[in-house]
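Student: Taken from TrEMBL, the feature pyridoxal 5'-phosphate binding site covers G95, A96, F128, D213, E214, V215, Q216, T271. The feature N(2)-acetyl-L-ornithine binding site is assigned by TrEMBL to R131, T270. The feature N6-(pyridoxal phosphate)lysine is assigned by TrEMBL to K242.
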Amino acid sequence: MSYLFPNYGRWPIRITKGEGNYLWDEAGNRYLDLVSGIAVTSLGNVPPQVKVKVQEQLDTLWHCSNLFEIPVQEKLAAKLTSLTCGNRAFFCNSGAEANEAAIKLARRYQQKVQKQNRYEVITFEQSFHGRTLATLTATGQAKVKDGFDPLPEGFVTVPYNDAEALSAAITEKTCAIMLEMVQGEGGVHPASPEFVEHIKALCAEHDLLLIVDEVQTGIGRTGKWFAYQHYNVEPDIITMAKGLGSGFPIGAIVGKEKLAEAFGPGTHGTTFGGNPLACAAGLATLETIEENEYLARVEEMGAYFIEKLNRLSEACPDVVNVRGKGLMIGVELAFEAAPVVAKMREQGILLLQAGPNMLRLLPPFTIEKEEIDHAAQALEEVLNATAQTV
Ligand SMILES: *Cc1c(COP(=O)(O)O)cnc(C)c1O
């Protein structure tokens, strides 16, 4: 019997140790980690360069209220603004909190700075933005909302990559558009460049803010620091979390200078957000990506992995489609993905699902070609075996 609420469908393995691209369970079995804690441990498990910096911070200062100036938080903010089109940062503890902050900032900017009664946020079908009441309302998936009525007002969901539907949803109450550049939980769907151009034009025409949810795609996952940088667009607010702290809980938003006025003293806050330990982990993560030129590596390994999977799809008719950007990869199957995930786990390889028929692979940036070869080979065998039983 477990004393935990049963709100996760947990896999029946007990993980006790991680190192580099591998995890170990209590019984000592080793697993190749293509999950990375859902795009969190992007530098591998317990990355040495981050560990050293967190240990230094552990010896110096653990926590400090945001009533004080915190140098390491300032440093991380400076770094993040240098990597994005944003000028100001706010730190929190998770992806949902980052999106919550973005929604609050967008509304407050429209209402207090622009002096317009605008509050509606347009989001997209199959999107995922988090589990707080506002962010689950923003999420375009019914299962996430089931049983949580009444939901907050002011959210409208339209089909993804559908310019006409988006245009039709804009009213005088529209405040912002919030999107994932590549939908993660919703099945690894990239936004089309034409759709992003359309969004850009609509935001300019109607004075809307563009919020890009980079909680999963950010911090190098797609081969650029942020996925919006694959497109010709500058969001007003970028949200991030998962990969930022290498496993240390931290979330952030980065926004344009014009928004600073909307978040004056006392408007928003959190006790733990921007905690020195979390910021030290974040700063070390960004420095490690830079020093090791991991963005180029993500591009290279992602292309290599996708090429392997494309070859597999030619040989295996049950692979319907392979898509992705960098090391965020989806493999769409002709049948349920769950048994494939379970059989891969039995083979010592961990991967994820994203929707009923979709495998999702989020390997660490440190993945090696031999490990990709091994995973592709195992997947081919598992798919062939599974196809015979369904
Ligand atoms: C995971 C995720 C979130 C929620 O992040 P939490 O840290 O779980 O609150 C929000 N948006 C996207 C795109 C995500 O992938």
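Quick reminder: no glycine exception, Cβ is built from N, Cα and C everywhere.
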Student: In the structure shown, which of the recorded positions R131, K242 has the fewest Cβ neighbours within 10 Å?
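Tutor: Candidates: the recorded positions R131, K242. Fewest Cβ atoms within 10 Å: R131.
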Student: Taking the residues the record says bind pyridoxal 5'-phosphate (G95, A96, F128, D213, E214, V215, Q216, T271), how far apart in Å are the two Cα atoms that sit farthest from each other?
Tutor: 25
Student: Filter the binding-site residues G95, V215, Q216, T270 down to those with CB closer than 6 A to an atom of ligand 1; keep them in sequence order.
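Tutor: So the answer is G95, V215, Q216.
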Student: Work through the recorded positions one by one (R131, K242, T270) and name whichever has its CA nearest to the CA of D213 (pyridoxal 5'-phosphate binding site).
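Tutor: Given the candidates R131, K242, T270, the nearest one is K242.
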Student: Who sits close to G95 (pyridoxal 5'-phosphate binding site): which same-chain residues at least 6 apart have their Cβ under 8 Å from its Cβ?
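Tutor: Long-range Cβ contacts: H129, G130, D213, V215, Q216, T239, M240, A241, K242, G251.
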Student: Return one of helix, strand or coil for E214 (pyridoxal 5'-phosphate binding site), based on DSSP.
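Tutor: Its secondary structure by DSSP: coil.
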Student: Taking only the binding-site residues A96, F128, E214, which one has a CA atom nearest to the CA atom of T270 (N(2)-acetyl-L-ornithine binding site)?
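Tutor: If we rank A96, F128, E214 by Cα distance to T270 (N(2)-acetyl-L-ornithine binding site), first place goes to A96.
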Student: Return the member of A96, E214, T271 nearest to R131 (N(2)-acetyl-L-ornithine binding site) in space, with distance defined Cα to Cα and candidates limited to these binding-site residues.
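Tutor: For R131 (N(2)-acetyl-L-ornithine binding site), the spatially nearest of the binding-site residues is A96.
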Student: For the binding-site residues Q216, T270, which one has its C-beta crowded by the most other C-beta atoms within 10 angstroms?
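Tutor: Per the Cβ count, the most surrounded site is Q216.
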Student: Across all the protein chains here, work out how many other Cβ atoms are within 10 Å of the Cβ of V215 (pyridoxal 5'-phosphate binding site).
Tutor: 29
